[in-house]
Amino acid sequence: MDDAAPPRSMTAHVLDFLFEYQTLKIVNIGNKKIGLLNRCIQGIIVAYIIGYVIVYSKGYQHFSPYNSATTSKVKGVISTKNLTDDDFVENFRNKDDYRRIWDVSEIVIPPSEADAFFLTTNLIMTRQGRDVCFEDPSTPNVQCRGPSDCQKGRVDLLGNGVQTGKCVNTTEPFKLESVCEIDGWCPPEYDRGPLKDNKPLFAKVEDFTVLLKNYVEFSLFNLTRRNIRDSDTSKYLTSCNYDPVKDPACPVFRIGDILKFCGIDMSQIGSKGGVIRITINWDCNLDFSLDYCTPTYHFMRIDDPFAKVAKGWNFRYATAQGDNNRTQFKAYGITFRISTLARGGKFYMVNLAVNIGSGLGLLALATFVCDLVVLNCMKKKELYKRNKFRFVDPLEDPEALDDSSLDYGRIQ
Amino acid sequence: MDDAAPPRSMTAHVLDFLFEYQTLKIVNIGNKKIGLLNRCIQGIIVAYIIGYVIVYSKGYQHFSPYNSATTSKVKGVISTKNLTDDDFVENFRNKDDYRRIWDVSEIVIPPSEADAFFLTTNLIMTRQGRDVCFEDPSTPNVQCRGPSDCQKGRVDLLGNGVQTGKCVNTTEPFKLESVCEIDGWCPPEYDRGPLKDNKPLFAKVEDFTVLLKNYVEFSLFNLTRRNIRDSDTSKYLTSCNYDPVKDPACPVFRIGDILKFCGIDMSQIGSKGGVIRITINWDCNLDFSLDYCTPTYHFMRIDDPFAKVAKGWNFRYATAQGDNNRTQFKAYGITFRISTLARGGKFYMVNLAVNIGSGLGLLALATFVCDLVVLNCMKKKELYKRNKFRFVDPLEDPEALDDSSLDYGRIQ
Amino acid sequence: MDDAAPPRSMTAHVLDFLFEYQTLKIVNIGNKKIGLLNRCIQGIIVAYIIGYVIVYSKGYQHFSPYNSATTSKVKGVISTKNLTDDDFVENFRNKDDYRRIWDVSEIVIPPSEADAFFLTTNLIMTRQGRDVCFEDPSTPNVQCRGPSDCQKGRVDLLGNGVQTGKCVNTTEPFKLESVCEIDGWCPPEYDRGPLKDNKPLFAKVEDFTVLLKNYVEFSLFNLTRRNIRDSDTSKYLTSCNYDPVKDPACPVFRIGDILKFCGIDMSQIGSKGGVIRITINWDCNLDFSLDYCTPTYHFMRIDDPFAKVAKGWNFRYATAQGDNNRTQFKAYGITFRISTLARGGKFYMVNLAVNIGSGLGLLALATFVCDLVVLNCMKKKELYKRNKFRFVDPLEDPEALDDSSLDYGRIQ
């Protein structure tokens with residue numbers, strides 16, 4: 001009885017609480033089938049926790065956030081001096097402009113990009129001046145029969161200038177027809193070729209090489225790594241060529257090899273250009289020696305090679321000659337985008353404990369499933385229910401059953 | 001007794017362990033109030049797990065990491081030939097230089113950027129030569145009364161050159177005053193206008209269109225998608241215009257529309273420039289047909305339109321005419337930054353199991369809360385305590401109570 | 001007996017289920033040692049949950065995804081007019097070309113980059129024309145004794161053009177020797193200097209300043225912040241200088257200061273260039289005033305300053321003078337890459353509940369460890385086992401023990 005028991009002090013209660021150990025009452029069910037089912041599910045969960053979460057996903061480590069930067073340096077030179085007139089599409093203008101020696105300054109546009117670089121594979125050059133001339137006949141709605149079809153001052157956004165209101169004839173290499181005259185950069189670009197059969201002008205760009213310098217910083221561990229090994233000599237860097245099997249550590253990549261790794265060749269991508277993703281993957285277990293912390297490279301063409309419209313990648317730029325003349329370039333080519341993925345981890349007790357703890361929690365799944373089976377599907381389910389559950393009816397008199405109202409549950 | 005029982009082999013122990021099923025002893029409390037509370041909390045947790053974690057957040061799927069790339073192609077042409085002298089701010093130099101036809105090569109600077117593009121909306125051009133001239137009077141501390149105020153060889157980093165030590169007069173369009181002379185690119189840029197009333201020179205850039213080609217690669221599933229549908233024809237791409245309701249699949253965006261989606265118009269952003277974020281959002285359930293895997297577009301101006309200082313976005317570039325002459329451009333404009341967010345998931349049993357398992361763990365919250373109520377706030381708490389807890393006193397003699405020390409707990 | 005008991009309706013079963021409260025049967029073990037161990041482990045887990053997960057990692061908040069954009073504006077001017085002939089490496093060509101006033105248009109290349117900028121610190125200029133000339137003697141395998149050593153039409157990718165088949169002598173400043181003649185851009189670049197002792201030409205770039213405008217958008221909360229405070233005046237922005245202690249809010253950074261924060265100076269990085277990462281870190285508790293949501297800046301050189309090969313960062317670009325002449329620039333310099341990390345959180349009940357729930361789950365770790373100790377290492381382990389476990393033998397007759405087969409476990 002409450003009043004009979006000696007009153008216990010607050011301190012005693014606190015100490016009781018402090019030194020108390022509560023564990024769960026377990027009901028052992030001696031049924032081999034359900035036991036086996038239970039162990040199987042538990043086994044799968046433990047295998048998942050240990051095999052996948054702890055070992056494979058390195059659940060015993062903590063991982064650093066990272067920063068990275070990549071710079072690229074392209075080397076190569078192309079000669080197109082031996083192109084004959086027959087190599088060009090018919091009636092092409094200024095063929096001589098295309099017979100040149102081209103070096104990196106003319107092929108890599110812009111000269112420097114962060115985590116990216118662009119190689120020209122095909123090029124259309126147009127010498128233009130501020131003038132009046134016929135509009136590009138491929139512009140919608142510029143065909144005319146007379147001046148009444150052209151509206152002075154009209155600007156067609158898909159065109160190249162402001163209409164003057166005159167109707168004039170095109171000249172070669174365009175198909176001969178009558179189109180509205182424009183005021184703008186003249187003459188309009190002839191958007192074909194320059195070479196026959198969709199041959200890229202700079203097919204030999206596949207012999208170019210690019211040196212990628214990749215830096216990755218694991219900020220949590222205050223550690224910086226780069227993809228060029230300290231042991232690499234200058235001579236090695238000028239002579240080596242990346243190969244996933246023979247020389248996976250060489251940071252110099254032949255463009256043709258990159259295309260091959262993507263499963264394509266220059267004839268498929270050179271004429272219209274494309275987008276290639278280079279992924280530099282660092283997966284570093286920093287519990288081991290830094291010597292094992294080296295990157296792997298992955299290459300993938302990510303534009304659609306089978307696209308029927310808006311295929312490839314091109315852009316226009318111009319070099320001015322004075323105020324009123326320029327050479328306009330339409331450059332088709334491959335834009336390489338470099339991304340760095342890095343994972344650097346070190347052993348960390350807290351993460352190991354949390355993952356084990358969460359894993360133990362998952363074991364409840366096994367009990368949950370087995371309970372469903374035991375309590376619903378087995379012949380002796382009533383026996384199991386009776387032993388698993390204890391029903392407390394609040395309508396009972398608490399005193400009637402047990403007179404130890406304070407030291408409840410104490411075995412006497 | 002231990003010595004009486006026949007010794008059991010190790011194998012038997014292992015088998016016992018293997019076929020054992022342990023489940024928790026449950027105390028059922030027949031109180032409707034607490035039962036309802038329990039079910040309510042459990043209901044909320046189950047609703048959260050099923051509704052939010054499993055269904056809404058697709059907890060039954062695993063998601064692929066992704067790579068993306070975006071290229072942009074701007075089309076348009078602007079004529080500023082019909083500007084009158086009155087449109088310019090007073091005394092502006094070289095007004096004729098601003099009356100031209102401008103095309104994409106002059107408006108989009110640089111011509112190609114990775115995942116970004118810039119459109120010039122306002123421009124100040126200054127023809128300069130290597131020479132001596134008065135310093136820009138807005139530079140701090142360059143006003144002078146005589147040569148003694150100017151120090152030969154002094155380089156002010158906010159200025160435009162090296163002081164010669166002379167004190168000279170400014171000319172129009174600058175306010176007439178005496179400033180130190182400099183050796184550098186002359187004359188200094190007059191940083192106003194060019195048009196009156198803060199009108200942007202290229203307000204019509206809002207009629208330009210940009211074609212965005214976005215590629216996303218879900219590397220886990222070895223799957224690449226692009227925002228241009230295979231069914232789109234070349235004609236569709238030249239004529240369509242993105243509209244979130246009428247044509248959400250068109251990859252061609254009118255600049256004026258983008259501004260509208262951001263809640264602004266050209267008069268607010270054109271004069272000083274700004275930064276607009278274009279987000280391309282792929283949310284793909286790859287358990288369904290790829291046809292449903294299409295992107296949505298979101299637009300937001302992210303620079304501060306109400307900034308009082310350092311507002312907008314501009315930069316300077318120059319085109320050289322020989323070694324000693326150049327045209328310096330100060331380009332104000334909108335820099336569009338394109339980012340891709342992608343989520344592509346497929347059904348994955350492990351993730352479903354882990355999420356259900358973690359969910360079951362969360363159910364302990366309900367028991368935790370209800371136990372607090374039951375054991376502390378209810379009238380019959382002593383009854384519940386007595387039934388929930390069993391106290392084991394280690395001072396008891398284990399033999400006294402039960403003689404089955406090996407087959408402990410076996411119901412006999 | 002089943003058949004004797006009045007049949008209960010489905011509704012009754014559902015109501016029973018709805019109002020039922022099931023809690024776990026707990027075994028209290030009155031052993032102080034194990035109690036203390038239990039409380040210690042629980043204490044560590046609770047401290048981890050509350051201290052680390054809830055408070056430190058703000059487990060009571062939900063965090064917004066974010067977008068960011070950074071624009072940069074460099075200011076400064078450099079004079080190299082006072083360089084004497086003795087400052088240059090021996091025999092250097094065109095020394096006068098290097099004695100100039102240089103401004104931002106010539107130092108920052110390209111003029112505008114997204115989240116990055118480049119400052120030239122050293123520069124080699126070569127005036128070239130399309131011509132024939134001797135190959136750069138540092139190219140592998142170009143030394144010759146006579147025409148038989150040179151192969152007409154051969155293109156060496158590390159060279160500068162197409163071999164003509166002649167063997168010619170080099171001229172100053174190159175070491176005098178015989179090399180194959182090439183057709184290409186002539187003369188080849190002399191890749192040294194220009195200044196003696198590896199002094200960078202633009203060492204004074206360290207006096208330049210850069211204004212970083214950083215915008216971050218927390219999309220979940222529809223909130224945009226920038227690093228320039230609304231209270232900053234134009235005068236403050238032109239005169240302030242970032243200092244982590246004295247003026248941590250100033251968005252204007254002196255380049256020399258940035259180098260200092262990275263632990264380097266211009267003499268270490270200027271000659272060959274390098275890569276510096278600027279991290280702008282927003283850690284915002286949006287439950288408090290936005291005034292506390294300000295960024296911090298971190299600077300780190302991430303290329304390897306001790307690299308023996310492929311050190312630093314340089315690239316080549318050219319400005320054309322007509323079709324057949326150009327000035328080729330080899331620019332060494334510092335490429336600054338700016339990244340934004342942002343965390344903005346607000347109180348969110350669901351996350352708090354989930355974290356507490358997961359935390360309760362982790363408490364099972366304590367029970368797990370203590371059970372291992374109690375059931376295996378303690379003297380009275382058999383007593384504890386007997387009380388913790390209840391063995392149900394399915395071979396027993398369920399009826400024999402208890403005749404309340406429906407109201408199982410009900411205390412009677």
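Note that Cβ sites are derived from N, Cα and C of the backbone, with glycine treated the same way.
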Where TrEMBL shows C:Lys73, C:Val74, C:Lys75, C:Thr209, C:Asn314, C:Phe315, C:Arg316 binding ATP, which of C:Lys196, C:Lys199, C:Lys330 is named for the same site? C:Lys330
Can you say which of C:103-125, C:356-378 is given as transmembrane segment in TrEMBL? C:356-378
Considering the candidates C:Cys40, C:Cys186, C:Cys240, C:Cys250, which is the cysteine that TrEMBL reports in a disulfide bond with C:Cys133? C:Cys186
Counting only residues 6+ away from its ends, which parts of the chain sit with a Cβ under 8 Å from the transmembrane segment (C:356-378)? 29, 31, 34, 37-38, 41-42, 45-46, 48-50, 53-54, 384-385, 388
How many Å separate the Cα atoms of C:Cys150 (disulfide bond) and C:Lys75 (ATP binding site)? 50
Cα-Cα separation of C:Val74 (ATP binding site) and C:Cys250 (disulfide bond), in Å? 15
Just name the recorded positions among C:Lys73, C:Lys75, C:Cys150, C:Cys167, C:Thr209, C:Asn314 whose Cβ comes within less than 8 Å of a chain B Cβ; none is a fine answer. C:Lys73, C:Lys75, C:Thr209
Recorded ATP binding residues, C:Lys73, C:Val74, C:Lys75, C:Thr209, C:Asn314, C:Phe315, C:Arg316, C:Lys330 - maximal Cα separation rounded to whole Å: 24
Quick one: of C:Lys73, C:Cys180, C:Cys240, C:Cys293, C:Phe315, C:Arg316, which recorded positions have a CB closer than 8 A to some CB in chain A? C:Phe315, C:Arg316
Using a 10 Å cut-off, grab the number of neighbouring Cβ atoms around the Cβ of C:Cys150 (disulfide bond), all chains included. 23
For C:Lys75 (ATP binding site), the spatially nearest of the disulfide-bonded residues C:Cys167, C:Cys186, C:Cys240, C:Cys250, C:Cys284, using Cα atoms, is C:Cys240
Cβ-Cβ under 8 Å from C:Lys330 (ATP binding site), same chain, 6 or more residues apart: which ones? C:Leu123, C:Ile124, C:Thr126, C:Glu189, C:Asp191, C:Asn314, C:Phe315, C:Arg316
Which of these binding-site residues has the least crowded Cβ, counting other Cβ atoms within 10 Å: C:Lys75, C:Arg316? C:Lys75
So of all those recorded positions, C:Lys73, C:Cys144, C:Cys167, C:Cys180, which one's Cα sits nearest to C:Cys250 (disulfide bond)? C:Lys73
Ordered by sequence, the long-range same-chain Cβ contacts of C:Cys167 (disulfide bond) under 8 Å (at least 6 apart) are C:Cys144, C:Arg145, C:Gly146, C:Pro147, C:Asp149, C:Cys150, C:Ser178, C:Val179, C:Cys180, C:Glu181
